[in-house]
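To keep things clear, I will list the structure first and then write my remarks on it.
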Amino acid sequence: MTSLSIASAFLIGLAGSVHCFGMCGGVVSAFSFAVPKGAKQWPYVVTYNIGRIFSYTLLGAFTGYLGSMVARNDLLANLPILQTISALFLVAMACYVGNWWRGLHYLERAGAKLWRFIRPLSKSLLPFKNPLYALPYGVIWGWLPCGLVYSTLTWSLASGSAANGAMIMLFFGLGTLPALIVMAAGVESLKTLLANPKTRQVVALCLLGFAFHMLWRAYN
């Protein structure tokens, strides 16, 4: 795991998080009603996001381990094939963010079948009695069906180890923080900018750049 890979994971989370305005906007709105009246919202926002990023990190560790087992046992030709799959998923994510092709929507719909069983667990935590209640709430919502998360998980699958997979998803999660904090803070000007179609297309081009970089690294 190189510092470039860590930085790339963070930047993919940062760039792709414009997708969060569509997927997570309703979550943030519901979240604000769960905070006790008169209480400061930030402690709840922090613990919620710690829980959410913990889920990403756990998933990254699992997929990283799974990928290392697959490569070790030659069930696929070699690690570059996993890296190619990861890059192709990132291309699909770029097309999704840029609204050029919505193929990942079908993957999210497949994940929604599992989500129907997980989501009810969060209802028992509402309303929050204190900030610690937001921690398991974030852990649960970290499993929300999301093409951006799925695309990055394929990268952790090709990372070579559980530790590398966890690190990729940790920094990816940290990269998504600014967009979610902007939503929680209600900064309308930034929300408008990030939701702008031109902004989304610029972000999509950046994601395409990451995808081609990953393809180049897979075979060089």
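Placement of Cβ uses the backbone N, Cα and C atoms for every residue, glycine included.
Automatic, uncurated: that is what TrEMBL annotation is.
The domain 'Urease accessory protein UreH-like transmembrane' annotation in TrEMBL covers 9-210.
For the transmembrane segment (44-67), same-chain residues at least 6 beyond its ends with a Cβ under 8 Å from one of its own Cβ atoms are 31, 34-35, 79, 82, 128, 131-132, 134-143, 149, 153-154, 156-170, 172-174, 177, 180-181, 184. Summarising the annotation, TrEMBL assigns transmembrane segment to 44-67 (among others).
TrEMBL lists 79-101 (among others) with the feature transmembrane segment.
For 134-153 (among others), the entry in TrEMBL reads transmembrane segment.
The list of residues near the transmembrane segment (165-187) in space but at least 6 beyond its ends in sequence, with Cβ under 8 angstroms from a Cβ of it, reads 1, 5-7, 9-18, 20-21, 24-25, 28, 31-32, 41, 45, 49, 52-53, 56-65, 67, 148-149, 152-153, 155-157, 159, 194. If you look up TrEMBL, you'll see 165-187 (among others) marked as transmembrane segment.
TrEMBL lists 199-219 (among others) with the feature transmembrane segment.
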Within-chain partners of the transmembrane segment (134-153) [C-beta distance under 8 Å, separation at least 6 from its ends]:
9, 12-13, 16-17, 19-20, 23-24, 27, 31, 34, 43-45, 47-56, 59-60, 63, 86, 89-90, 92-93, 96-97, 104-105, 107-112, 114-115, 118-119, 121-122, 125-126, 128, 168-169, 172, 176
